[in-house]
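**Student:** Just dropping this structure here.
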Amino acid sequence: MTMRHCWTAGPSSWWVLLLYVHVILARATSAPQTTATVLTGSSKDPCSSWSPAVPTKQYPALDVIWPEKEVPLNGTLTLSCTACSRFPYFSILYWLGNGSFIEHLPGRLKEGHTSREHRNTSTWLHRALVLEELSPTLRSTNFSCLFVDPGQVAQYHIILAQLWDGLKTAPSPSQETLSSHSPVSRSAGPGVA
């Protein structure tokens, strides 16, 4: 009697594959150091502009929320990232700092868990980044909220030092979106309403 072994991909295997594909895509493109506007405390509502007629133009939508007032050194700070996906079970939302995983950064900071909220034809993903003790190094770190699903990859960059310096100068924000349907598509981030 001959025994055959048939390998089937479990759910954890897909996450590893999806993360691997993301890392390849993220390293293949340059990530500009950009900031987001502090006047509203948020970039935009990630799911409000989605249209089923043109999903590749609007997905993924990504939003980052930060404190409107500068947090003093050694203070606690929470950044919140929200993404909207049409792939409820095949999407990842996570934070990076200077291109590295949060666990590799110096200082007291941690990622929250990813929560998922299913709404009609979309799924909202939420994930917080908590800086328990803001240091000069963390203040100058390029934090990136990354969102990956089978259709696209999106990154939102925020540097706290530039963000708070922007209270005086109001810089224009930007959001980088990489689509699997086009080589590199970049769109300007939300403006001040």
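For all residues, glycine too, the Cβ spot is worked out from N, Cα and C.
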**Student:** Return the single candidate from Cys47, Cys145 listed in Swiss-Prot as disulfide-linked to Cys81.
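**Tutor:** If we follow Swiss-Prot, the cysteine bonded to Cys81 turns out to be Cys145.
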**Student:** Looking at 40-61, 172-193, which one does Swiss-Prot call region 'Disordered'?
**Tutor:** 172-193
**Student:** Please name which of the recorded positions listed here, Asn74, Cys81, Asn120, Asn142, Cys145, is nearest in space to Asn98 (N-linked glycosylation site), Cα against Cα.
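**Tutor:** Among Asn74, Cys81, Asn120, Asn142, Cys145, Asn142.
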**Student:** I'd like to know the mean pLDDT over the domain 'Ig-like C2-type' (60-161).
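**Tutor:** Mean pLDDT, the domain 'Ig-like C2-type' (60-161): 91.
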**Student:** Nearest to Asn74 (N-linked glycosylation site) in three-dimensional space, by Cα, is which of the recorded positions Cys81, Asn120, Asn142, Cys145?
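**Tutor:** Of the recorded positions Cys81, Asn120, Asn142, Cys145, Asn142 has its Cα closest to that of Asn74 (N-linked glycosylation site).
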**Student:** Hey, how far is Asn142 (N-linked glycosylation site) from Cys81 (disulfide bond), Cα to Cα, in Å?
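**Tutor:** Asn142 (N-linked glycosylation site) and Cys81 (disulfide bond) have their Cα atoms 15 Å apart.
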